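Enquirer: Submitted below is the structure of interest, expressed as structure tokens.
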């Protein structure tokens, strides 16, 4: 069986159903790719460990980039909201949702870290 392609945006799956969606998320998680897009929505799977993807190098890498041009990341979402606010001169909102213990507070911290950097 050939290795499955890794889709960083679930909208690109050739056959979008529950099985392929979950397989893609599982494959990405095994590679420590905890972020996956669904269009402009970001799915995050809590790794329950520290990953070295929240340093100044990543802040700079995701500064002023279009969503989807780089690997999915919480910094990309923060940056898109920030630049939309500047361009449109209107407030922006990022909704963070999930089960208890899913990492909502940590995700909020990462968003704020990127915005203040």
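Keep in mind that glycine also has a Cβ here, set from the backbone N, Cα and C atoms.
Not measured: the values here are computed from a predicted model.
Per TrEMBL, the features are:
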- 5-117: domain 'Myosin motor' (DOMAIN)
- 34-51: transmembrane segment (TRANSMEM)
- 98, 99, 100, 101, 102, 103, 104, 105: ATP binding site (BINDING)
Enquirer: Could you give me three numbers for the domain 'Myosin motor' (5-117), the DSSP helix, strand and coil residue counts?
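Expert: In the domain 'Myosin motor' (5-117), the DSSP-based counts are 50 helix, 9 strand, 54 coil.
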Enquirer: So if I draw a 10 Å sphere around the Cβ of residue 104 (ATP binding site), how many other Cβ atoms end up inside it?
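Expert: I count 15 other Cβ atoms within 10 Å of it.
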Enquirer: Out of 98, 101, 103, which of these binding-site residues shows the lowest number of other CB atoms within 10 Å of its CB?
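Expert: Selected from the binding-site residues 98, 101, 103 on minimum Cβ neighbours within 10 Å: 101.
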Enquirer: Could you name the residues, excluding 98, 99, 100, 101, 102, 103, 104, 105, of the same chain that surround the ATP site, i.e. Cβ within 8 Å of the Cβ centre of those residues, in sequence order?
Expert: 46
Enquirer: Specify the count of other C-beta atoms within 10 Å of the C-beta of residue 99 (ATP binding site).
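Expert: Excluding its own Cβ, residue 99 (ATP binding site) sees 8 Cβ atoms within 10 Å.
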Enquirer: Would you count the other C-beta atoms found within 10 angstroms of the C-beta of residue 100 (ATP binding site) for me?
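Expert: Around the Cβ of residue 100 (ATP binding site), 5 other Cβ atoms lie within 10 Å.
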Enquirer: Residues with Cβ closer than 8 Å to the Cβ of residue 102 (ATP binding site), same chain and 6+ apart in sequence?
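Expert: 44, 46 - these are the non-local Cβ neighbours of residue 102 (ATP binding site), listed in sequence order.
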Enquirer: With every protein chain in view, what's the tally of Cβ atoms within 10 Å of the Cβ of residue 105 (ATP binding site), excluding that atom itself?
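Expert: For residue 105 (ATP binding site), the count of other Cβ atoms within 10 Å is 10.
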Enquirer: What mean pLDDT does the predicted model reach across the domain 'Myosin motor' (5-117)?
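Expert: That region's mean pLDDT is 94.
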